[in-house]
Amino acid sequence: MTLPAHGAAEAVRAAQPLHATSLGEPTQLAASAVQSVDWLAISPPTIAAVAGLAVLVADLFLSERGKRLLGPVSAVTLLLAALPLLFLRTRNLKTFCLPDGSQACAYSADTLALVLQFLVLGAAFVTALLSMPAVRDLGLPAGEYWFLLLSATAGAALIPASRDLVTLVIALETASLPAFALVGLRRGSRGSAEAALKFFLSSVTATAVTLLGASFLYAVTGTLYFKGISEGLTRADPQLDALGSAGIALTLVGFAFKASVVPFHFWVPDTYVGAPVPVAAFLSVVGKTAGISGLVLLLVQAFSTRAELWGTALAVLAAVTMTAGNAAALRQGADRAHGAVRLLAWSSVGQAGYLLVPLAAAASDVGGSEPSGPALSTVGATVAYLLMYAAVNLGAFAVVAHISRTSSANRLADYRGLYAAHPLAALALAFFLLCLAGLPPGVIGLFAKVAIFSTAVANGLGWLAVIMAVNVVIALFYYLRWTALAFRPPAAAVAAQAGEEPQRTRMAPPLAAGIALTAAAGVALSLNPDLVLTFTAGGLR
């Protein structure tokens, strides 16, 4: 049957969407979908990313002597990337927003994002200081190394400002892909190659699971924006509840992997040992910050209306993670090769368990599409603990980086007599370890643990508080054992040589600067611990 010309035209018009019934309207719709960009809001990750590309290109034209400047230039660039945070702190800028009046934005430079971006950029700066001697000592390709470090930093800085699943996953992969290469960049090292392969395969699997979860959530809610997901989960068809619950669980996997949460932690010890020490330090702080940032955003903003689903599960994961990490760290012998890095790796897993406690406690405070004041305060305890952990853990890795220059095995036994050879380094290491243990004079460590403990008790998680207290006692043993080694007399073979001074190895200036900066940060926080929680309590407002 053939339609008349006018009938065919009517059929075509009837088949068109309502918003495209005229030639002008599709053009207007496309124009209205154009999103403006606030360059000031996105400047911290953008500066790091552009600097990474510039360093890679410059490496092609520089002599070997000129390539030595790439490290200092990269470090200065990280400071410049943090500078816009000063201008953003009171402006609460948003960008990449939909023009339909829904206030759905893909990027938000709110207080939480700025605090975590400052942490990421500051930690990356300290990592850059630790990396300068390592790049030279290990013969790492300078251009590639600094490009990868800056690129990973850009991705990690983008995560806390992300407000939709697409931006969040892209940021996660931007932080992860360069990290794989950083771990395996040491040529001719079988351990480094194996660590990079294990890290890559496990991370790719976790990301694939996260993408599957995101697709489930989109199928249930019809949106990828956090606010829309939170509201959509409450209005979803009851027949889709199981699909929505599966989407929540699967989406969290990728960020639990980055945060080294059990059972997604198995890559941590081997990867840290196989990577150069500065890269291990970067993964332990910046990588963990990226994972925790993603978990905070998803749980408190996107999944707040389903807190009954993830609250108890997260509390159980927190208990298992801190117990597994501390138990494994306790087993590290003094004479085991790479024992210092392994201990910090397992300690990092245990610390991840502590970081999850306030997030689990926040489940009793959320429940609507907008996070409540108590929930924001509870999550602030996680951010506060993360700030403490970043400063002192980087400091401990800085001392480890110094010892690794003279002892490739880097055993715990190699720290015996450290005070005799390097008094300031030994005192700094003791301070860092006592902060991690939560003992004076590491007041900030004690304060951060008490803050986390209080959130568990106040939100009806007394059993989790008890498990945390037991784990704190377990951790005391291995932290104090390492501290005691540093202040013991040198090994008998050295001490027996009458009149001989302890061997002193000159510390590289960048390492000394890294130790000094982290120690100063730890002391400053210890002298004014209230500053941390005051600054982070309203971070999601």
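For all residues, glycine too, the Cβ spot is worked out from N, Cα and C.
As recorded in TrEMBL, the features of this protein are as follows:
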type	residues	note
DOMAIN	162-474	domain 'NADH:quinone oxidoreductase/Mrp antiporter transmembrane'
TRANSMEM	39-62	transmembrane segment
TRANSMEM	69-87	transmembrane segment
TRANSMEM	107-130	transmembrane segment
TRANSMEM	142-159	transmembrane segment
TRANSMEM	165-185	transmembrane segment
TRANSMEM	197-226	transmembrane segment
TRANSMEM	280-303	transmembrane segment
TRANSMEM	309-331	transmembrane segment
TRANSMEM	343-363	transmembrane segment
TRANSMEM	383-403	transmembrane segment
TRANSMEM	424-448	transmembrane segment
TRANSMEM	460-480	transmembrane segment
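Counting residues 6+ beyond its ends, the transmembrane segment (383-403) has Cβ neighbours under 8 Å at 112, 115-116, 119, 122-123, 126-127, 129-130, 133-134, 277-278, 280-281, 284-285, 288-289, 292, 296, 340-341, 344, 348, 351, 354-355, 358, 410, 414-415, 418, 422, 425, 428-429, 431-433, 435-436, 442, 444-445, 447-449, 451-452, 505, 507-508, 511, 514-515, 518-519, 521-522, 525, 532-533, 536, 539 in the same chain. Note on the transmembrane segment (309-331): residues 245, 248-249, 252, 256, 260-262, 265, 269, 299, 303, 343, 346-354, 356-357, 359-364, 461, 464, 467-468, 471, 474-475, 477-478 of its chain, located 6 or more positions outside it, place their CB under 8 angstroms from a CB of the stretch. Here the transmembrane segment (107-130) lies next to the transmembrane segment (280-303) in space: the count of CB pairs under 8 Å, restricted to residues six or more apart, reaches at least 3. Relative to the transmembrane segment (142-159), the listed stretch 39-62 leads the set 39-62, 197-226, 280-303, 343-363 in CB pairs under 8 A. Long-range neighbours of the transmembrane segment (197-226) within the same chain, counting only residues 6 or more positions beyond its ends whose Cβ lies under 8 Å from a Cβ of the stretch, are 98, 104-106, 163-166, 169, 172-173, 176, 179-180, 183-184, 232-233, 236, 240, 243-244, 246-257, 264, 266-267, 270-271, 297-298, 301-302.
Within the chain carrying the transmembrane segment (343-363), a Cβ under 8 angstroms from the stretch's Cβ atoms is held by residues 259-262, 265, 268-269, 271-273, 280, 284, 288, 292, 295-296, 299-300, 307-308, 310-312, 314-315, 317-326, 328-329, 332, 375, 378-382, 385-386, 389, 393, 396-397, 400, 412, 436, 449, 452-453, 455-456, 458-459, 461, 464, 468, 471, 475, 478-479, 482, all 6 or more beyond its ends. Within the chain carrying the transmembrane segment (460-480), a Cβ under 8 angstroms from the stretch's Cβ atoms is held by residues 315, 318-319, 322-323, 326-327, 329-330, 332, 343, 347, 350, 353-354, 357, 360-361, 364, 433-434, 436-439, 449, 452-453, all 6 or more beyond its ends.
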